[in-house]
Amino acid sequence: MQYIPGFGNECASEDPRCPGALPEGQNNPQVCPYNLYAEQLSGSAFTCPRSTNKRSWLYRILPSVCHKPFESIDQGHVTHNWDEVDPDPNQLRWKPFEIPKASQKKVDFVSGLHTLCGAGDIRSNNGLAIHIFLCNTSMGNRCFYNSDGDFLIVPQKGKLLIYTEFGKMLVQPNEICVIQRGMRFSIDVFEENRGYILEVYGVHFELPDLGPIGANGLANPRDFLIPVAWYEDRQVPGGYTVINKYQGKLFAAKQNVSPFNVVAWHGNYTPYKYNLENFMVINSVAFDHADPSIFTVLTAKSVRPGVAVADFVIFPPRWGVADKTFRPPYYHRNCMSEFMGLIKGHYEAKQGEFLPGGGSLHSSMTPHGPDADCFEKASKAKLAPERIADGTMAFMFESSLSMAVTKWGLKSSSCLDENYYKCWEPLKSHFTPESRKPAGPN
Ligand SMILES: [Fe+2]
């Protein structure tokens, strides 16, 4: 696999089988080299400021318009109906979402999409959805594109070989990829697969501003990887199916050729992937905590300064060195909604039932924090420099929107952990009104 490094750059790529496939000096010649069709894919309004203007030019064997009409298909568990069930402000935790066995039912990436929670409105391009994908079969002669928003895909189990109009990407657990609005892709899998998807409507992910951190740190732009042009000139006599999510509903159209027929492309609107191991972690080196925003990999900004539609935040392996500090995450209540998932290992603040492939949701102003066991241990621990989170990778999708949980999330997934609240029940008062002296480590 070859990739072009960098985030959001203006790139150009030609399949080496057709050197010179990109037109010279213009985008739309009367006849393109190799007699290809020129097609623009716009990811922003034509008139956006340069810093946010996104588009790519694709040079392809046939334009994407060569398809039969779209028809509505079974929605499966994809929804944008945020009123399916009554709101639930409780702390919610899910056991690992169950992957269907290939021997019982073949499920590909699209038919294995399950909407867990979300908020906002697709038609006005404001909101987000969190989906869980559970699949065991490659998509074959099916591709998918999303008219509603961008997908940030977090594989948790099994690698994904993703064919896109821009080329191929191999994305393994502990890597993520972003496939932006309108881009067609098809996923091959090699085992039973599970993962998480953060979908944002009408905005794109950006690297967070670094402020006083400076020019380097957190996710560095050079570590993002963009595929290189690759095409197949493949006729599909039985019909190739293009699946589209449009205004929250699924539609399918047939065409006679593979959609991965782009011989060359240039532009700044592309899919990309990122290895979470490359995240440069910044943390407190004196006392107290930095807020978890210090772990932001990508952000999808809202129109309000500093307020994200959604942030993608990770809790990577690192050193904990803060003196005189309760080192696990602090207890808190947050105006934002926090969905957490676990790719591998265990999460530092919850030793028990928060497992890889599961999740938790702490909604707006719902209190949460370390479980009782974690509190007792961390309050008494001798503070020496220590490794935190080795062999693990927990992450958070954090949103300024107040999310609704779907019927699948609360009921039909059968994964909701009814006992979650009990992890805080053993917390007891240590109040000593007669003495100001903290108990401290033994
Ligand atoms: Fe939190």
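For all residues, glycine too, the Cβ spot is worked out from N, Cα and C.
Record check, TrEMBL: Fe cation site residues include H332, E338, and the candidate from H346, H368 also listed there is H368. H368 (Fe cation binding site) sits 16 Å from H289 (active site, proton acceptor), taking the C-alpha atoms as the reference points.
Nearest to H289 (active site, proton acceptor) in space, judged by Cα atoms and limited to the binding-site residues H332, E338, Y347, is H332. Residues H332, E338, H368 make up the record's Fe cation site, and a Cβ search at 8 Å around their centroid adds P329, R333, N334, H362, T366, P367, G369 from the same chain.
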